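*Asks:* Structure provided below as structure tokens; questions to follow.
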Amino acid sequence: MSAFIVLGAQWGDEGKGKMTDYLAEEAEVVVRFQGGNNAGHTVEVGDKQYKLHLIPSGILYDDKLNVIGNGVVVDPKALFEEINYLEGVGVNVTPEKLIISDRAQLIMPYHKTLDVLKEKARGKNDIGTTGKGIGPCYTDKFERCGIRVCDLMHEDVFKEKLEENIRMKNEYITKVLGGEPLSFSEILNEYLEFAKKLRPFVQDTSVKVYNNIKENKTVLFEGAQGMLLDIDYGTYPYVTSSNTTAGGVCSGIGIGPNMVTNAVGITKAYTTRVGKGPFPTELVDETGDWIREKGHEYGVTTGRSRRCGWLDLVIVKTAARVSGLTSLAVTKIDTLAGLEKLKVCVGYKFDGKVIDYFPASLEDLAKCEPVYEEFDGWDDSVAEARTYEELPENAKKYLNRIAEFTDTKISIIGVGPKREQTIRIDSI
């Protein structure tokens, strides 16, 4: 195993931060390949809790190289706020530990302004954006007017591109969206200061990662969000603006698919999602509220409460197929401890038949009725288990059904938020 991917197999918030931190112990390089600071990871080590948004989880180790690839959109202000936060809690962030792609797109102040104003203009049809400027930044990338990190390293180039973008964006912001114009000089001065601080971290990350893999070093690719938020395979338009599946790794860092050996899908023992969008197994009742409170289901980035529901294996099976998952890591089975009965969705009733795939059309999905299997629950002793054999029998039956239905082995089980509350039962 020289290069492997850690991906969310649901709508994000599956526990990727903890699992990446756990698996990073085996890696020498940890790489982010898509998304931006709209993602949030919580990692607990001992009695300390760390909240990460943009920087890879491997930063908590002193001996790991962390990489922000070209597929990531970088907000310099958010980046240095996160660096300051980490250094304030005793985590060193240096160019020896963190490098950033010169090809990564920069999130600019007008991206955040556009994000907020366009969401407001949608009214009741809003898509639940975090307002971080992620979507507008990716839009500029594909409209070929985006500003990259390498542009910021050349003052004249940056100034010219910024001037043209400010002219165009201000016209749209003021005349179409009714907002206030942004100041060219303020943004220029702010970003030139960022350039000085950013320069030591910048290099061609594709070459760096490629060389590390060729030297047989272990590289971990850390996904953000989840498969059902993928721009192509998610619940469009209630998705993020990047490819969150395994396919995003190759374009998001610049390596070939033959260099990736394994892909681990992270899934909770139940299902959650934030914001609007379809959710077939959602529990809008006391059980859903109970899961939310016991599982502390509130967003790291936004603080928004997460919608909670029964485990939807149709979603996880779809993730396994689309990303070619070689194993699953099932998290938060301790959260379900105490429920007498549990349900798992193994299909949808649709147009008089049962299907086991996720429809592309939201209109079709709205007609789908979950088909459930019921399981007996388990008690809180599950949180004390450190081997598979120590798990309650009912928890084992639940996990076995997950592996059977998705045709994907389970390699890791999470029984609590801390690094040590992790059971390894197989290779990934």
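Any Cβ shown, glycine's included, is placed from N, Cα and C.
Below, the features straight out of Swiss-Prot:
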type: BINDING; residues: 12-18, 40-42, Arg306, 332-334, 414-416; note: GTP binding site
type: ACT_SITE; residues: Asp13; note: active site, proton acceptor
type: BINDING; residues: Asp13, Glu14, Gly15, Lys16, Asn38, Ala39, Gly40, His41, Thr130, Arg144, Gln225, Thr240, Arg304; note: IMP binding site
type: BINDING; residues: Asp13, Gly40; note: Mg(2+) binding site
type: ACT_SITE; residues: His41; note: active site, proton donor
type: BINDING; residues: Val300, Thr301, Thr302, Gly303, Arg304, Ser305, Arg306; note: substrate binding site
*Asks:* Of all the recorded positions given, namely Gly40, His41, Val300, Thr302, Ser305, which is spatially nearest to Lys18 (GTP binding site) at the Cα level?
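*Replies:* If we rank Gly40, His41, Val300, Thr302, Ser305 by Cα distance to Lys18 (GTP binding site), first place goes to His41.
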*Asks:* Cα of Gly303 (substrate binding site) to Cα of Gln225 (IMP binding site): how many Å, rounded?
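*Replies:* With the alpha carbons as reference points, the distance is 15 Å.
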*Asks:* When DSSP states are folded down to helix, strand and coil, where does Ser305 (substrate binding site) land?
*Replies:* strand
*Asks:* Report, in whole Å, the straight Cα-to-Cα distance of Gly15 (GTP binding site) from Asn38 (IMP binding site).
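*Replies:* With the alpha carbons as reference points, the distance is 15 Å.
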*Asks:* Of Gly12, Gly15, Gly303, the binding-site residues given in the record, which has the fewest other CB atoms within 10 A of its CB?
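*Replies:* Across Gly12, Gly15, Gly303, these binding-site residues, the one with fewest Cβ atoms within 10 Å is Gly303.
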*Asks:* Would you mind ranking the binding-site residues Val300, Ile333, Val415 by how many other Cβ atoms sit within 10 Å of each Cβ and giving me the lowest?
*Replies:* Val300
*Asks:* Rounded to a whole number, how many Å is the Cα of His41 (active site, proton donor) away from the Cα of Gly12 (GTP binding site)?
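*Replies:* It is 10 Å, counting Cα to Cα.
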*Asks:* According to DSSP, does Lys18 (GTP binding site) fall in a helix, a strand, or coil?
*Replies:* helix
*Asks:* Taking the recorded positions one at a time (His41, Arg306), which has its Cβ surrounded by the most other Cβ atoms within 10 Å?
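*Replies:* Answer returned by the neighbour count: His41.
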*Asks:* Would you mind listing, in sequence order, the residues at least six apart from Thr302 (substrate binding site) in the same chain with a Cβ closer than 8 Å to its Cβ?
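*Replies:* Correct list: Gly40, Thr130, Val274.
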*Asks:* List, in sequence order, those binding-site residues among Gln225, Val300, Arg304, Ser305, Arg306 whose Cα sits within 10 Å of the Cα of Thr42 (GTP binding site).
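*Replies:* Qualifying among Gln225, Val300, Arg304, Ser305, Arg306: Val300.
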*Asks:* If I take the alpha carbons of Gln225 (IMP binding site) and Val415 (GTP binding site), what is the distance between them in whole Å?
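*Replies:* The separation of the Cα atoms works out to 21 Å.
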*Asks:* So of all those recorded positions, Gly12, Asp13, Gly15, Val415, which one's Cα sits nearest to Val300 (substrate binding site)?
*Replies:* Asp13
*Asks:* Among the binding-site residues listed here, Asn38, Thr42, Thr130, which has the most company in the form of other Cβ atoms within 10 Å of its Cβ?
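*Replies:* Per the Cβ count, the most surrounded site is Asn38.
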*Asks:* Cα of Ile333 (GTP binding site) to Cα of Arg304 (IMP binding site): how many Å, rounded?
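*Replies:* Checking the Cα atoms of Ile333 (GTP binding site) and Arg304 (IMP binding site) gives a distance of 22 Å.
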